[in-house]
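> Got a structure for you, written out below as C-alpha cells; questions coming shortly.
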Amino acid sequence: MNRKLPPFPHLTLRFSSSSSSSSASPSPPPPRRLPPPVPLRDLLAHRLPLLHSPAPPPRSSPPVHPHADLLLRRRSGEATPESLHLELVKRGLTHDLFLSNHLVNSYAKSSRLACARQVFDCMLERNAVSWTCLVSGYVLSGITDEAFRVFRAMLGVGSECSRPTSFTFGSVLRACQDAGPDKLGFAVQVHGLVSKTVYASNTTVCNALISMYGNCSVGLPIQAQQVFDSTPVRDIITWNALMSVYAKKGHVVSTFTLFTAMLRDDSAIELRPNEHTFGSLITATTVSSCSSRVLEQVLARVLNSGSSGDLYVGSALVSAFARHGMLDEAKNIFLSLKERNAVTLNGLIVGLVKQHCSEEAVGIFMGTRDSVVVNADTYVVLLGAIAEFSVPEDGLMKGTELHGHVLRTGLIDLKIAISNSLVNMYAKCGAIDKACRVFQLLCTRDRVSWNTIISVLDQNGYCEGAMMKYCMMRQDCISPSNFAAISGLSSCASLRLLSAGQQVHCDAVKWGLDLDTSVSNALVKMYGECGARFECWEVFNSMAEHDVVSWNSIMGVMANLRAPIAESVEVFSKMMRSGLAPNKVTFVNLLATLSPSCVLELGKQVHAVVLKHGAIEDTAVDNALMSCYAKSGDMDSCEQLFSEISGRRDAVSWNSMISGYIYNGHLQE
C-alpha cells in the first residue's frame, strides 16, 4: 500500500554541488525546504527578468546516453516503469538526471502518480524537464489542483535550469482548461506571465491559450478569438483549437466558417484537415440539435479521408452516436477501434448511463480496464452508474471492487470528486455505514462532500445524523447549497424540530436560497409538520412563483392541521385557475381534507375531476376515494370502486373497505 506523500509546500529539495568532488565528505548537501508557495502575481516582479531572457543553451552531453539500452527497452515495450526503476536501482543510476526524468515521465503517463511523485522527491537534482513531467502527469490524470501546486513550487525555486518552458506553460494552461471557469482568474495570471517571456508568440503556447479561454470563458469565445488573431504563425493545431472552441459551444456556423477559411488560407504552412479537424466538426454537429444533415455530410467526408479509424475521430463518433441514443452504432465503432483511450471509454459510458444501461457500462469498463488507461472522470461516471443499479446488492459488490481499483491508482487522495462519488454510490446501494466511513476519511471536504453526506443521511431516515452534519458544515464555514438546505429542512420536519428549522431558514435567507422554489417548498413542509401554520402561510404567500409541489405542500399541511374544508377547496380552485394540472398527490391531500367531514357531494366532484385528469388508475388516489365514500356513508360507491381496482389492490385498499364497513355498522360484511 502506497504511503501518502507530503504536500508540495513541505517538499524537500536537494541539489548537487559543483564542489562536491573536492569535498572531504562524499555525502550530498543537507536537504533544504522550499519556501511556502508565493502568489503568482507576486512572483512576476522578481521572476520576469529571468523568464524574459532566452533559454540557456543545452548542456553538452554525449550523443548517446551511456545507458540508452534501458530507454530502448522501455520504448520497445519490453519494460514497464517498475522494471526500469528496478534496473536503475541495481545499476546505481537513481541519481542520473536524464534517466530519472524519463522514469518520472513513464510513471506519470501510466497514471502511477504516487510512484512518479516518490521518484521526483528523491531526485538530487531537478531541471525544467523534471518539473514539467510531473505537472503534465497530474494534468493527464485530471488532478489539476496538484498540478497548480507543483507549478507554483517550480516558480519558487528560481534556479535558471528550472525555468518554465513552452511545454510547462502548455501543461499548466491545459490544467486551467480542465478546471473550467472557476480557474479563469488564475489562467489570466498565467497568461500575463507568459506575455512577459519569449514564449508570448510561441505557437504551442498560443494554441494552449486558445483552448483554455474557450473552455474557461462563458458565452462567446472573444478572448480565444483575440489570441487566434494575434498568433503570428498559425499551424493546423491553432485552427483546430479555435474550431474546437466554437464546436463545443454549439456555434455550428462559426465552426464551418472557420473550417472553410482554413482550407483557403494561403500561408506558408500547408494546412490539411486532420483527425482533430474532423473531430471538431463532429462535435459541432453533435451539440447542435438541428444539424443531422450536416452530420451526414461530415461523416461522408471522414470516410472519404480514411480517418474513421483514428482514435480522436473514433472517440468523437462514439460520443456523437451515444449522445443521440444510437448505442449499437456507438459500441460497434468503439469495438472497431484498434486503440482506445479514456476519452473514448468515457464517451461510451456516459451514453450508456444516460440510456439507463448502467450494468452494461460497468461491464464494458471491466472488460477494457487492462487495455485502457482511465482518468478520474471515468471513475466518477462509473460510480454514478453503479449507484443506479437495479439490484443494490450487485451494485455494492461492483462498487466495492471499483473502490479497491481506485485505491490502487492513488487517485482517491488527489481527486475529491471520486470520494464524493464513492459516498453517493455506497449510500444508493444501501451501505450507509461505508458511505459515512469514506466521508470521515476525507482529508479535505468541499461543498459537494457536505451536500452528499447530508442528503444521504436524510434520504435514508438518519435525520439526527443529517442535522449533526449540517451543523458541522456550518462550523467549517461552508455555505449551504440548495440541496443541503432542502435536506436539512426535511430532517427538521421529520424530527419536528422547529427551532432547528428556523436556523436553516435563516441560513437560506442569508445566502439567498429562499428564492429557489424547491427550498421554499421545503420550508412550507417543515413549518407545516412542526405545526407553525402562520409561518407556513407566510412563506407560501411570499413565494415569487408556485409549482405543483408548492400547492401540494400547502394542501398537505392543511390536511394535517384539519383546516376547514372551504379553505382547502379554495386553495385547490386557485391552483386550477393558475393553469397547473393537479397530480395524484394533489387529489390525495384534498381527499384527506374531505374525509373527516363526510362531505359526499364534494367527494363526488373531486372524483369527477380525478377522472378528467386520468389519475383514477393510481392506487393511492383510489384508496383515498374509497375512504372518502366510506366515511360519507356511500358504501355502494365504495364497493363499486373496490371492484374496479381488483387488479391493483394493496393492503390499504382492503383496510379502507374493512374500516368503511365498521364505520357504517356493517360488521358482518
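In case you wondered, yes, glycine gets a Cβ from its N, Cα and C as well.
TrEMBL feature annotations, pasted as is:
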- 1-39: region 'Disordered' (REGION)
- 10-25: compositional bias 'Low complexity' (COMPBIAS)
- 26-39: compositional bias 'Pro residues' (COMPBIAS)
- 127-161: repeat 'PPR' (REPEAT)
- 235-269: repeat 'PPR' (REPEAT)
- 310-344: repeat 'PPR' (REPEAT)
- 547-582: repeat 'PPR' (REPEAT)
> Report the DSSP secondary-structure composition of the repeat 'PPR' (310-344) as helix, strand and coil residue counts.
26 helix, 0 strand, 9 coil
> Using Cβ atoms and a strict cutoff of less than 8 Å, what residues sit near the repeat 'PPR' (235-269) while being 6 or more residues removed from its termini?
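The answer is 203-204, 206-207, 210-211, 213-215, 220-221, 224-225, 228, 276-277, 279-281, 283-285, 287-288, 291, 294.
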> Six or more residues beyond either end and a Cβ under 8 Å away: which residues meet both conditions relative to the repeat 'PPR' (547-582)?
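Distant contacts of the repeat 'PPR' (547-582): 517-518, 520-521, 524-525, 527-529, 531, 533, 536-537, 540, 589-590, 592-594, 596-597, 599, 602, 609, 613, 615.
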